[in-house]
Amino acid sequence: MGAMDVQLESTAVQHGQAKINVEEHALVSLLSDEKYATEKTEDVDPDDYEKLEEGIMQYGCAHYRRRCRIRAPCCNEIFDCRHCHNETKNSIKIDAVKRHELPRHEVQQVICSLCGTEQEVRQVCISCGVCMGKYFCEVCKLFDDDVSKQQYHCNGCGICRIGGKENFFHCSKCGCCYSIVLKNSHACVEGAMHHDCPICFEYLFESTNDVSVLPCGHTIHVKCLREMEEHCQFACPLCSKSVCDMSKAWERLDEELATISDTCDNKMVRILCNDCGATSEVQFHLIAHKCQKCKSYNTRQI
């Protein structure tokens with residue numbers, strides 16, 4: 001199946017195996033974005049700058065590098081971040097009745113990791129003056145010192161994303177951000193990301209794993225698409241359309257079927273093509289049936 005592997009890889013790039021890592025990230029950088037420079041002066045004193053930078057990349061958790069912790073509005077407990085809360089409070093080890101997730105936009109209080117002062121959500125600690133997150137989103141209540149992620153806030157999605165705003169666009173019909181390479185080529189599916197992955201059932205819109213947009217417009221985790229490939233599954237789990245260019249595979253199947261004698265010359269069946277939607281009446285074959293319109297073997301009897 002080497003040829004199919006190459007085809008799937010090529011299609012994944014063409015159809016936006018863009019990183020749609022949809023976790024909330026930065027709207028504002030106090031230290032670099034002049035548009036939001038309400039808390040800095042024209043000439044920053046070297047001592048003040050040194051204070052802002054104190055402890056950068058030294059605090060945080062497995063999910064974020066940040067210099068604060070959050071108080072969860074739902075259970076009033078303190079966690080390093082929203083994910084840390086959800087991993088603890090939404091675990092299978094917790095009573096199902098008590099499981100819950102933290103509503104990111106409702107966080108009101110943060111605790112400075114350097115001085116321990118609890119305060120309302122803000123970028124600079126009111127007590128010690130340290131910047132608690134080089135990138136800060138007041139809407140998503142997100143703090144992150146790792147600016148290499150190229151965080152940006154999408155008003156359409158209502159959350160922040162990573163990868164650089166210039167590399168993505170928001171599709172109003174699909175209801176999510178896609179790679180700019182898909183702007184004029186993707187198939188729109190209403191609410192394409194607002195559902196669970198058809199393989200692992202994780203909610204795609206808030207998933208921290210990479211998501212791929214299939215030619216049919218449906219979405220799936222990249223890792224799940226790879227697992228499908230490993231098991232020789234090349235049809236969308238939702239609509240059954242081919243997930244990549246299968247023309248070479250169909251040509252090979254033509255050659256193989258030509259060597260197999262057919263003992264049902266007089267039997268005809270009607271088929272529906274999963275790729276183009278056309279119906280055909282073709283000679284019955286034990287192995288596969290070919291669409292008379294698009295020549296695909298991705299068909300079913302009707």
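Cβ from N, Cα, C; glycine included.
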Subject >> Candidate sharing the Zn(2+) 4 site with C137, C140, H153 (per Swiss-Prot), from C128, C160 >> reply: C160
**OP:** Could you look at H83, H85 and say which one Swiss-Prot places alongside C74, C75, H100 in the Zn(2+) 2 site?
**Re:** H85
Subject >> Cβ-Cβ distance under 8 Å to H100 (Zn(2+) 2 binding site), same chain, at least six residues away >> reply: C74, C75, K89, N90
Original post:
When the Cα-Cα distance from H63 (Zn(2+) 1 binding site) is computed for each of the binding-site residues C112, C160, H170, which gives the smallest value?
Top reply: C160
Original post:
Could you state the CA-to-CA distance between C157 (Zn(2+) 5 binding site) and C140 (Zn(2+) 4 binding site) to the nearest Å?
Top reply: 11
**OP:** For C157 (Zn(2+) 5 binding site), name the DSSP secondary structure in the helix/strand/coil scheme.
**Re:** coil
